[in-house]
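Peer 1: As annotated by Swiss-Prot, ATP binding site applies to Lys141, Glu178, Tyr179, Asp187, Arg211, Ser212, Asn213, with the evidence given as sequence analysis. Summarising the annotation, Swiss-Prot assigns Mg(2+) 1 binding site to Asp248, Glu260 and lists sequence analysis as the type of evidence. Here Swiss-Prot flags Asp248, Glu260 as Mn(2+) 1 binding site. Taken from Swiss-Prot, the feature Mn(2+) 2 binding site applies to Glu260, Asn262. The annotation Mg(2+) 2 binding site is assigned in Swiss-Prot to Glu260, Asn262 on the grounds of sequence analysis. The annotation domain 'ATP-grasp' is assigned in Swiss-Prot to 104-287.
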Amino acid sequence: MRIAILSRNASLYSTRRLVEAAEERGHEVDVLNPLRCYMNINARESSIHKHGKELPHYDCVIPRIGASVTFYGTAVLRQFEMIGSYPLNESVAISRSRDKLRSLQLLSRKGIGLPTTGFASQPQDIPDLIDMVGGAPLVIKLLEGTQGIGVVLAETRQAAESVIEAFMGLHSNFMVQEYIKEAGGADIRCLVIGDKVIAAMKRQAKAGEFRSNLHRGGSASLVKLTPAERATAVKAAKTMGLNVAGVDILRSNHGPLVMEVNSSPGLEGIEQATEKDVASQIITFLEKNAKAHKTRTKGQG
């Protein structure tokens with residue numbers, strides 16, 4: 001197969017591993033910076049160009065699109081879908097998963113366990129918003145944040161009110177969530193491919209920190225999932241419409257709770273923690289499933 005990987009940095013661990021895994025199986029791989037791709041959209045024959053030349057046809061596309069370039073990156077991916085390339089994750093599903101509030105609304109509709117979450121825009125609603133999620137301590141998250149940036153633990157009601165007022169004053173979109181104390185600063189990253197969890201790791205926050213992101217100094221270790229955790233992760237990925245996803249779960253006293261569904265999960269932490277070849281399993285999925293115009297939206301966007 002001819003495979004395109006949409007990535008702004010060919011030297012990133014995840015991108016390198018996907019290239020290695022694909023080439024080991026005899027596939028031809030090109031790493032394309034989505035910001036350097038541009039589109040010709042017309043009624044006769046749409047195309048994608050780079051450096052003044054039309055790109056060749058790719059059998060499938062692996063999107064590794066950063067959160068900061070979601071709009072343009074998904075537009076490029078959508079163009080690939082329109083001309084018949086099979087996307088590992090579809091543009092619609094990526095856009096859906098990048099909207100944290102929309103994701104939680106979709107997951108809640110399917111009855112998937114979540115931390116109680118509140119969303120409001122007016123200062124007069126702050127007291128009720130805090131009560132809605134069980135009072136302090138509580139977690140306040142900017143909707144645009146990634147890798148733990150823009151996530152605040154407010155340990156008292158006064159602190160919560162101050163942070164919420166500040167975010168409202170800055171006209172930032174944020175949500176308020178109950179704090180799951182029993183999780184102990186740990187979460188579980190489940191790597192879902194198709195309808196299976198193929199790898200899982202426990203991420204533990206460093207001392208004095210509640211965010212378990214590896215980018216924030218958290219540590220990763222192997223973890224054994226319960227059947228409920230496994231089923232929750234698969235159902236969450238399926239609800240988002242993602243073929244490959246990193247599903248972040250908290251262990252609570254009332255079962256697994258989904259924190260986030262990531263459409264472009266990093267491979268380094270989970271491959272090192274589990275010693276599993278995740279990249280090759282992604283390529284295997286493409287070999288079995290990649291067919292022209294085979295998308296849930298039939299390439300219609």
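Using N, Cα and C of the backbone, Cβ positions are placed for all residues, glycine too.
Note that the structure is a prediction, hence the values are computed from the model and not measured.
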Peer 1: Which of the binding-site residues listed here (Tyr179, Asp187, Asn262) have a Cα atom within 10 Å of the Cα of Asp248 (Mg(2+) 1 binding site)?
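Peer 2: The binding-site residues close to Asp248 (Mg(2+) 1 binding site) (Cα within 10 Å), listed in sequence order, are Asp187, Asn262.
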Peer 1: Have a look around Asp187 (ATP binding site) and count the other CB atoms within 10 A of its CB, chains all included.
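Peer 2: Summing over all protein chains shown, Asp187 (ATP binding site) has 24 other Cβ atoms within 10 Å.
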Peer 1: Could you state the CA-to-CA distance between Glu260 (Mg(2+) 1 binding site) and Glu178 (ATP binding site) to the nearest Å?
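Peer 2: Cα-Cα, rounded: 14 Å.
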Peer 1: Using Cα coordinates, what distance in whole Å links Asn262 (Mn(2+) 2 binding site) and Glu178 (ATP binding site)?
Peer 2: 21
Peer 1: Going by DSSP, give the three-state secondary structure for Tyr179 (ATP binding site).
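Peer 2: The residue in question, Tyr179 (ATP binding site), is coil (DSSP, three-state).
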Peer 1: Name, in the order they occur in the sequence, the residues of the same chain whose CB lies under 8 A from the CB of Tyr179 (ATP binding site) and which sit 6 or more residues away.
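Peer 2: Listed in sequence order: Pro137, Leu138, Val139, Leu153.
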Peer 1: Across the domain 'ATP-grasp' (104-287), what is the average pLDDT of the model, as a whole number?
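Peer 2: Computed over the domain 'ATP-grasp' (104-287), the mean pLDDT is 92 on the 0 to 100 scale.
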Peer 1: Give the number of CB atoms, excluding that of Lys141 (ATP binding site) itself, located within 10 Å of its CB.
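Peer 2: 22, counting other Cβ atoms within 10 Å of Lys141 (ATP binding site).
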